[in-house]
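Novice: Feature table excerpt (TrEMBL):
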- 74-160: domain 'Ig-like' (DOMAIN)
- 164-248: domain 'Ig-like' (DOMAIN)
- 256-293: region 'Disordered' (REGION)
- 282-292: compositional bias 'Basic residues' (COMPBIAS)
- 297-396: domain 'Fibronectin type-III' (DOMAIN)
- 403-497: domain 'Fibronectin type-III' (DOMAIN)
- 522-547: transmembrane segment (TRANSMEM)
Amino acid sequence: PPAVAEFRFNKTSVNRTVDRHHIMPSGDLQIQSSTIWDSGVYVCTAHNPLIKKRLTALHKIYLTVHEPAAEEVPSFTSLPPEVMNVVTGSNVTMECAANGNPAPVISWNKEGSHLPRTRHRVVLGNLEIFSVHSRDNGIYVCQATNRLGTIFAHKTQLVVQEPPHIVTPLQNHIVLHGGELQLQCSVQGNPVPIVHWLHNGKRVHRTSHITISEMGIHIRKMTKHQGGMYQCFANNFLGTVYSTAHVSVLPLNESHIPDKNGDDENEPDSINGAAENSGKRKDGHKRKKSKGVKLVLPSRPEISRLSDDSVMVRWSVPHNDGLPISFFKVQYRDVSLAHSHWKTVEEDVPPHIHSHAITGLKAGGRYRFRIVAVYSNNDNKNGPNSIKFLLHKDPPKRKPTQGPIIRRVKAESSSAITLFWEYSDLDAVDVEGFYIYYRLTQSAGDYLKITVAGSNTRSYTVSYLLPDTSYDIKMQCFNVAGASEFSNICTHKTLALPSMGEKKVTPVPDLLESSVSGDKDLLYIVLGVVAGVLVLVMAVFVVLFILRHRHKRRRCVQGTSDHNSNLQQNGHMGNGDYFTTQSRITINPLDSVELSELSREKYAAAIVTQISNGHRISPMDLSKVPKTS
């Protein structure tokens, strides 16, 4: 924010609350009826209260006040600039100070007019105007007078700047194929707003059939492709506004054209969303249906009372696997009046908004409501009619008075903001849900409204927002009797779009962060237990593996022993309960030698030879060693 000027006099802060001291918007310090006690050293300091920083000027001001020696005519010490620009609705101060003896009286006047009676005051000779209006444009003159004469300051021109606003909003039109369309968009603002036109979101340019002027747009020889949504945008450096109209182009063979509001005098009441005899035209022939095009209808609207002359209309849209919806229109009619017509609310409701407030109704009236969906192919279709709604002047049920309190606002992404709120049922009144209102912080336009169903809901994410943009958000709670007072207003900004080179990082939820940071010790304990269990499991597996390996070795040894026992000396091999084919197998070459024929030395040599050749020697062979004589 702009810095705040402060002064120190002889190392003591100047008390701006004293009547004689006045710090001007320009930062100048004015001292009224100065005396010799005001002489001294003054130092200026710039203070930013938001970041709590101060910057002291490098120079010092030495003021010396003398007793006046004689009378002197007025002379100006501070003059306003020749031109001052101010935005409508804000305040402005024109500074004017003068010296003289006796002290001059300073007054102001406006050339060719008078000062605003209840919106101005003069403080220490400075003119202050509050809530500046466009009629405050003009030239202002400051004059100083004492008994020696009057002097006039240079003239100051006040230029009041206005953000653009639309004087005449666009109206919906229905034209025949080949006909002409004239749309007028009257705007005001200072500087003069620049106006441009969009058709279904694309810029409209001049052609041989399209004429664009300051007052509007004129299209000749309309075709079906030129139907749809037209928008008039007006902008200057203070802001942008727009108005929207829907244009329908009917084929030449269409025999009936409803009025501009989309009402049909002979249209019957809708029953469960389908008009009686809606399948036939007035001539008795069936109306042709669009083939291959699916149009998903909005639901039957639900109505809640807002005040004696207004209601909130809420609806939903099933899963839309057909043509996209461009926007909604809300229609209503007073069924207590005979031959009443459907009236269409002027505003277009964006496709992601499923609620809209309707004003200008009358207490005691009975109304039906319906939602019209306008699709991307410029076709439209009516949803089911609501049940009859009686707008009570004195509702049988009390409405809530205390609104919710917004506790926290969080930017989820570049297009979404989440609200967290609290609601205390101090009135002991049941509520059905909440209304969320939001708009651009820099905009002075109407709030967009979202309906949140459920009395126990305490958070909601608002989507379809602009990136890096600040929004003002407020809330109400409601029931069938009406809505509560508004909550506190919160201002929050969406996230900026990530740059192309930036890696997208998914933020960790706050709950996880707080849980991990608060329970680090518990996390370490859990990790240690898990590691210990894994080590124990590994040890069990190792032991089981060793035991199994030993068991296999034992079985292998046992199998070898069993195999050897099955070998018969006669060469027969056992296989169950019978012997296989005979074959002579020499188990030990020594079997063919008569031991008695060998001496002890030769027998020992034969044993050694058999061992060196890889033959196995059984204990029976060793028992046959001849005894020495």
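Cβ atoms here come from the backbone N, Cα and C positions, even for glycine.
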Novice: Run through the domain 'Fibronectin type-III' (403-497) and tell me, per DSSP, how many residues are helix, strand and coil.
Specialist: 0 helix, 47 strand, 48 coil
Novice: Would you mind splitting the domain 'Fibronectin type-III' (297-396) into helix, strand and coil residue counts from DSSP?
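Specialist: The domain 'Fibronectin type-III' (297-396) comes out at 0 helix, 43 strand, 57 coil.
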Novice: Return the average pLDDT for the domain 'Fibronectin type-III' (403-497) as a whole number.
Specialist: 87
Novice: Summarise the domain 'Ig-like' (74-160) by DSSP state, stating how many residues are helix, strand and coil.
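Specialist: So the domain 'Ig-like' (74-160) is made up of 3 helix, 50 strand, 34 coil.
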